[in-house]
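Taken from TrEMBL, the feature domain 'Major facilitator superfamily (MFS) profile' applies to 1-391. The transmembrane segment annotation in TrEMBL covers 27-47, 54-74, 94-112, 133-153, 165-186, 227-250, 262-284, 291-308, 314-338, 350-369.
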Amino acid sequence: MASIPGQTIGVGVYIDFLIQSTSLTRMQISMSYMIGTIMSSLLLPLAGRCYDIFGSRVMIVFAGIGLGIAMLMLSQSSNLIMVIQTLLPEINPAVSGVLVMTFIFLLLRQFGQGIMAMVSMNTLAKWFDRHRGFVSGISGIFVSFSFAGAPLFMNVLIEEYSYTASMFLLALICGLGMALIGWTFYRDKPEDCGMLMDGKKIDADEKTNLSEEREITLKAALRTYNFWIFCLGLCSLSLIITGFTFHISSIGALAGLSRMDAFGMFLPMSVISAVSHLIAGWASDRMPLKYLLMILLVSLGMGCLGILHLESIWFRMLVISGFGISGGLYACLIIVVWPRFYGRKHLGSINGLFMGAQVFASAIGPPVFGISENLTGNYSTSAWISAVLCL
């Protein structure tokens with residue numbers, strides 16, 4: 001939940017304001033976001049290895065502080081651009097603007113969508129085994145509603161105060177606040193507290209079973225069919241949802257929707273996502289995960305087709321239901337799939353590489369949708385490409 005300011009759903013709320021304050025075009029902002037996100041994706045595998053070394057507690061504090069600093073820099077982005085132009089007047093203003101925004105987006109994506117999200121998912125996966133899917137579903141209820149309500153909440157903050165003041169508040173709440181919560185409550189694994197997964201206590205008979213847990217390395221995981229199938233399938237959702245969310249206000253405007261109506265779609269979407277996450281969590285403890293991945297891709301493709309005629313209530317319902325179902329399944333799978341296939345010992349490295357691929361995919365989404373709008377004046381081309389990708 002605290003990673004929202006670094007997620008596309010959080011950044012997307014500020015895009016129009018950033019375009020106005022930085023004097024950059026939508027395409028330039030999109031390219032800055034893409035480059036910063038790609039750079040972040042290249043660093044995440046290293047963050048995954050650091051997680052295996054230092055554990056959840058240290059990494060969540062690091063992520064919280066980093067996210068807070070990134071939000072403060074975002075609130076002062078226009079001033080930072082002016083400083084660069086003053087120090088280096090020979091540089092084109094657009095170039096200096098793109099450089100500053102790229103660096104800020106790098107920090108936001110690295111600490112928000114990257115490290116903070118990875119640490120949270122890994123911690124949950126390390127503490128539960130047989131009930132991992134069900135617990136994932138329970139947590140997904142809170143995550144889904146917070147993600148859905150976040151754009152509306154952030155929009156209220158912007159209208160009540162200003163977009164810069166709202167960024168400062170989020171830096172305190174999601175940055176410093178999460179760092180304090182993480183240091184107080186996070187522990188890397190249950191064995192550190194004299195317990196086993198699922199809340200069991202360690203006894204003499206179970207100590208001998210601790211060494212029997214699956215311990216597949218990253219190198220070995222990369223040679224398996226399962227890793228690439230699930231990685232590519234889950235990354236497809238990141239690409240599509242990021243592109244849609246990043247340009248949601250523009251997509252809604254082309255369909256004749258107000259800014260509030262466009263962001264309002266996330267609320268019913270969150271209800272569907274929470275329910276599907278809970279059901280998927282229950283099902284993941286009882287059935288092969290490949291079937292959940294297939295349902296995810298089908299529902300995601302349906303949502304993409306809904307973008308074609310968003311002015312119609314029926315197509316908006318298709319977007320809401322399709323993206324809601326796929327979002328719930330996605331939130332479940334990213335928690336349960338890697339520890340089930342590869343164990344916990346190298347979970348940071350494996351999940352770090354996946355998160356890097358996911359963040360890289362999310363970097364491609366906004367430019368794909370942005371190029372579609374620039375070339376054709378609408379987002380139909382990107383919607384068709386996204387739907388075909390799901391096949």
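Backbone N, Cα and C define each Cβ position, glycine as well.
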Count the Cβ pairs between the transmembrane segment (165-186) and the transmembrane segment (94-112) that lie under 8 angstroms and are 6 or more residues apart in sequence, then report whether there are at least 3. no
Contact check, the transmembrane segment (27-47) vs the transmembrane segment (314-338), 3+ Cβ pairs under 8 Å, seq sep 6+: no
Using a Cβ distance cut-off of under 8 Å, indicate which of 54-74, 227-250, 262-284, 291-308, 314-338 has the most pairs with the transmembrane segment (350-369). 227-250
Taking every residue in the domain 'Major facilitator superfamily (MFS) profile' (1-391), what is their average pLDDT? 86
